[in-house]
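Notes follow the structure.
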Amino acid sequence: MPSSGHRLRDVEHHPLLTENDNYDSSSSSSSEADVADRVWFIRDGCGMICAVVTWLLVVYADFVVTFVMLLPSKDFWYSVVNGVVFNCLAVLALSSHLRTMLTDPGAVPKGNATEEHMGSLQLKPGEVIYKCPKCCCIKPERAHHCSICKRCIRKMDHHCPWVNNCVGEKNQRFFVLFTMYIALASVHALVLCGLQFVACVRGQWTECSGFSPPVTVILLVFLCLEGLLFFTFTAVMFGTQIHSICNDETEIERLKSEKPTWERRLRWEGMKSVFGGPPSLLWMNPFVGFRFRRLQTRPRKGGPEFSV
């Protein structure tokens with residue numbers, strides 16, 4: 001037990017790291033400003049494939065909407081208005097996807113469970129702290145270890161392969177925006193598909209598309225299936241995320257039935273804590289807080305993430 005009177009709890013009863021340990025803690029010695037100046041990215045094969053597939057499906061939907069349905073239309077304003085709306089939704093969705101994927105979800109610095117760091121915490125006598133035996137860090141309240149990111153994540157909700165990242169304290173708002181914009185774009189695409197089918201049937205499939213009737217049917221049917229699947233998945237995820245935020249309870253905490261030891265921020269207070277500030281149109285903007293990062297390679301050990 002440390003001399004300060006506090007207690008360290010560790011599932012595997014690992015001692016605190018000392019200066020003679022083999023763990024390389026140089027990667028966690030950067031300042032907060034230095035960490036914030038790097039791009040977060042997880043090098044997970046499955047996650048990267050899922051992220052690429054997501055982008056390709058959105059690009060496919062944009063191609064069908066633009067070149068199969070809108071450009072051949074004889075109604076100029078119908079094409080312009082729907083083209084602008086759908087492309088704006090697609091851009092906002094992909095931007096939210098990028099912000100979710102490239103934003104640090106709230107990773108706890110590795111290897112900070114040292115005597116020196118413990119002394120700097122100014123802990124009260126008898127206070128219990130927890131150490132993760134997997135990434136050798138002191139776990140803050142509500143933090144959980146992700147086996148894919150190889151890090152402890154503050155307020156970790158879940159790891160989503162479609163964004164190749166954990167959804168946590170710092171990127172949950174972008175994940176919510178991603179699901180919302182994908183759901184809206186899916187509904188818009190389904191409505192346009194229905195109108196296009198009606199127009200093609202009435203015109204007996206002549207001049208309703210620049211492609212042949214069989215190709216047009218295949219493209220539209222595939223887009224309808226994609227839209228239905230995307231809408232179902234993202235609408236459910238959007239609903240569960242809003243429910244979690246309004247109840248100040250992550251998905252992991254709900255599944256584990258963890259009793260809250262923190263002061264809950266319910267409903268609007270929870271929304272304000274995630275999206276920042278009072279309700280405004282800025283909540284809908286995935287570009288808020290964006291700034292160009294420093295492009296400098298920084299190899300790291302002990303985990304699949306890298307920073308640039």
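These residue numbers are counts, starting from 1, taken along the chain as shown.
Just so it is clear, glycine is given a Cβ too, placed from its N, Cα and C backbone atoms.
Outside the transmembrane segment (48-70), and at least 6 residues removed from its termini, the chain residues within Cβ reach (under 8 Å) are 78-79, 82-83, 86-87, 90, 93-94, 97, 101, 161-164, 182, 185, 189, 192-193, 196, 209-211, 216, 219-220, 222-223, 226-227, 230. As annotated by TrEMBL, transmembrane segment applies to 48-70 (among others).
Within the same chain, residues 55, 58, 61-62, 65-66, 70, 177-178, 181-182, 184-185, 188-189, 192, 286 sit at least 6 positions outside the transmembrane segment (76-94) and bring their C-beta atoms closer than 8 Å to a C-beta of that stretch. Per TrEMBL, transmembrane segment is recorded for 76-94 (among others).
Residues or ranges marked as domain 'Palmitoyltransferase DHHC' by TrEMBL: 131-257. The domain 'Palmitoyltransferase DHHC' (131-257): residue composition by secondary structure is 71 helix, 19 strand, 37 coil, according to DSSP.
Under 8 Å from some Cβ of the transmembrane segment (174-197) lie the Cβ atoms of residues 58, 61, 64-65, 68-70, 82, 85-86, 89-90, 92-93, 96-97, 99-100, 103, 160, 163, 167, 208-209, 220, 223-224, 226-228, 230-231, 234-235, 237-238, 241-242, 245, 274, 284, 286, all in the same chain and six or more residues away from its ends. For 174-197 (among others), the entry in TrEMBL reads transmembrane segment.
Annotation comment: TrEMBL describes 217-238 (among others) as transmembrane segment. Sequence-distant contacts of the transmembrane segment (217-238) (same chain, six or more residues past either end, CB-CB distance under 8 Å): 57, 60-61, 64-65, 68-69, 176, 178-180, 182-183, 185-187, 189-190, 193, 196-197, 211.
Mean per-residue pLDDT, taken over the domain 'Palmitoyltransferase DHHC' (131-257), amounts to 89.
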